[in-house]
Amino acid sequence: MATRPPPEGKPWELAAHPRLAKGKVVGVVVLDGWGEAPPDPFNYIHVAETPTLDALKKGAPERWRLIKAHGTAVGLPTDDDMGNSEVGHNALGAGQIYAQGAKLVDLALSSGKIYEGEGFKYIQQSFENGTLHLIGLLSDGGVHSRFDQLQLLLKGASEHGAKRIRVHVLTDGRDVLDGSSVRFVEMLEEDLSRLRDKGVNARIASGGGRMYVTMDRYENDWQVVKRGWDAHVLGEAPHKFKSALEAVKKLREDPKANDQYLPPFVIVDESGKPVGPVQDGDTVVTFNFRADRMVMLAKALEYENFDKFDRVRFPKIRYAGMLQYDGELKLPSHYLVAPPQIERTSGEYLARNGVRIYACSETVKFGHVTFFWNGNRSGYFNPSLEKYEEIPSDIGIPFNVQPKMKALEIAQKARDAILSRKFDQVRVNIANGDMVGHTGDIEATIVGCKATDEAVKIILEAIEQVGGIFILTADHGNAEDMAKRDKSGKPLRDKDGKVQTLTSHTLNPVSALSSVKVPIAIGGPGLAPGVRFRKDLPCTGLANVAATVMNLHGFEAPDHYEPTLIEVVGN
């Protein structure tokens with residue numbers, strides 16, 4: 001693991017690489033949700049027609065390899081933690097491994113420092129007379145939240161003065177098994193019952209499925225957030241139940257029900273009155289540690305001037321996030337755990353060294369190729385050298401209905417940027433493997449993978465025309481294995497004998513040490529003949545990519561970065 005960044009006083013100027021020239025256009029392509037797995041009927045990257053990407057793998061073995069994209073390689077607590085797009089792009093852009101999301105929260109909770117911080121002291125001021133509301137994903141998937149962290153927060157808050165607690169649960173079914181909502185609600189109810197035995201008024205107040213209620217991202221559909229606002233804050237929803245367990249069981253009786261898309265519900269008392277709307281003087285904590293699907297709710301909770309939907313009322317509350325979800329927007333302004341200070345990212349280094357950068361993706365991944373790549377920082381480092389372009393994702397159309405998404409449009413924008421010769425780096429994210437893979441639609445995922453390959457072809461052809469270089473990799477796995485499996489690797493089947501579809505990111509359960517690796521390939525006519533991947537670095541990950549990209553631009557990487565993946569052999 002790299003050391004921490006050097007002091008601010010250290011110069012930003014990068015040394016010239018002794019053997020690699022500057023001035024070549026470098027195409028940086030990130031395939032989202034594109035892991036590597038053996039050929040298999042449920043490896044839909046393998047099943048799909050992907051001749052361009054197949055050729056990279058088979059054509060030059062010294063310029064194609066695998067790197068880690070999960071666990072400790074991206075700053076997560078253990079190698080049993082699956083990767084995700086946020087930590088993946090942080091590592092890709094930072095060139096360093098930082099403690100991330102869950103790990104930061106784990107450290108704060110285990111040490112008790114979370115209760116000593118300014119964020120907790122801020123919300124604690126409302127405990128005497130107000131209600132503590134906890135809103136977040138009820139899951140142990142470790143991608144957006146973790147159930148054990150919620151349990152510790154409930155225990156710690158009650159021990160530090162919270163007398164009345166309401167939990168607003170968002171069911172998962174995406175990062176964990178569909179149907180597991182019942183088990184999580186049962187466990188949460190047991191915890192709340194124990195708190196009530198100790199004199200704490202603790203109940204579940206509202207809920208809904210994560211993809212239909214509250215957890216939208218990138219301002220794709222504000223109605224998702226409004227449904228959550230109505231249920232969590234106003235105590236209004238089309239479905240009312242006496243308990244959350246009754247709610248999830250009843251709502252799942254619909255043959256088409258899925259934890260991801262459960263409709264909003266509120267819990268009511270014997271008189272039909274909601275048990276936990278948010279009132280003046282209350283405090284709210286959003287307990288997800290991952291940022292992207294909490295930012296929109298954070299805006300609704302924090303911004304006085306808010307016009308995305310009619311909030312009906314805007315209670316005067318104390319609000320804090322588990323983490324700060326947007327460092328540039330300072331949102332939320334209060335948070336329980338300080339974010340990692342990701343400094344001296346590759347994007348900032350390159351901008352300070354005159355490298356002209358173009359970055360593009362569609363809405364659902366635009367933040368990854370910009371904000372997360374740049375160390376959780378919005379905006380440009382140097383507006384005169386950089387251009388970021390967002391292609392609007394389809395609104396209101398499921399990704400499996402439009403599985404090509406905007407892959408070809410992104411590729412065309414990248415092609416135009418490359419051929420314009422106005423940029424030294426053209427960086428894109430192509431999202432199909434991840435977003436379509438999450439739907440669990442097999443045929444649509446195959447179409448999405450094929451579209452990804454076609455997009456890559458367009459970009460590589462443009463690189464060929466300008467005599468440039470490409471580096472292609474991924475942020476985590478998804479479409480390479482869409483079957484739920486037992487520990488021996490055999491697909492799990494339902495009661496009808498059908499293979500159960502996996503909709504989450506991947507983490508290989510077969511080996512003693514869970515793992516997921518993604519491909520990385522380099523090439524292009526501008527790549528010096530002697531460049532190849534090093535053989536002396538068997539254990540590498542996404543954080544090694546930044547130094548590699550710097551080399552391809554003709555620079556040596558800073559000495560505090562994870563080492564480059566490439567070397568130059570021969571004359």
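A Cβ is built for glycine as well, from the same backbone N, Cα and C atoms used for every other residue.
Here is what TrEMBL records for this protein:
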DOMAIN    26-556  domain 'Metalloenzyme'
BINDING   D32, S85, D475, H476  Mn(2+) 2 binding site
ACT_SITE  S85  active site, phosphoserine intermediate
DOMAIN    106-326  domain 'BPG-independent PGAM N-terminal'
BINDING   H144, R174, D175, R210, R217, R290, A291, D292, R293, K365  substrate binding site
BINDING   D434, H438, H505  Mn(2+) 1 binding site
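Sequence features, as recorded in TrEMBL, placed on the structure.
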residue: D32; record: Mn(2+) 2 binding site; Cβ within 10 Å: 26
residue: S85; record: Mn(2+) 2 binding site; Cβ within 10 Å: 28
residue: D175; record: substrate binding site; Cβ within 10 Å: 22
residue: A291; record: substrate binding site; Cβ within 10 Å: 25
residue: R293; record: substrate binding site; Cβ within 10 Å: 25
residue: D434; record: Mn(2+) 1 binding site; Cβ within 10 Å: 27
residue: H438; record: Mn(2+) 1 binding site; Cβ within 10 Å: 23
residue: D475; record: Mn(2+) 2 binding site; Cβ within 10 Å: 33
residue: H476; record: Mn(2+) 2 binding site; Cβ within 10 Å: 28
residue: H505; record: Mn(2+) 1 binding site; Cβ within 10 Å: 28
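Each of the binding-site residues H144, R217 was assessed for Cβ neighbours inside 10 Å, and the highest tally belongs to H144. Within the model, the domain 'BPG-independent PGAM N-terminal' (106-326) shows a mean pLDDT value of 96, rounded to a whole number. Within 10 Å of S85 (Mn(2+) 2 binding site), counting C-alpha to C-alpha distances, fall none of the binding-site residues R217, A291, H438. Between H476 (Mn(2+) 2 binding site) and H505 (Mn(2+) 1 binding site), the C-alpha separation comes to 7 Å.
Residues D32, G33, S85, G433, M435, G437, H476, N478, A479, T503, S504 surround the recorded Mn(2+) 1 site, their Cβ atoms falling within 8 Å of the Cβ centroid of D434, H438, H505, which are themselves excluded. Checked against D175 (substrate binding site) by C-alpha proximity, the binding-site residues D434, D475, H505 yield H505 as the nearest.
A Cα-Cα distance of 10 Å separates H505 (Mn(2+) 1 binding site) from D32 (Mn(2+) 2 binding site). Nearest by CA distance to D434 (Mn(2+) 1 binding site), out of the binding-site residues D32, A291, D475, is D32. Binding-site extent for substrate: residues H144, R174, D175, R210, R217, R290, A291, D292, R293, K365, maximum pairwise Cα distance 18 Å (rounded to the nearest whole number).
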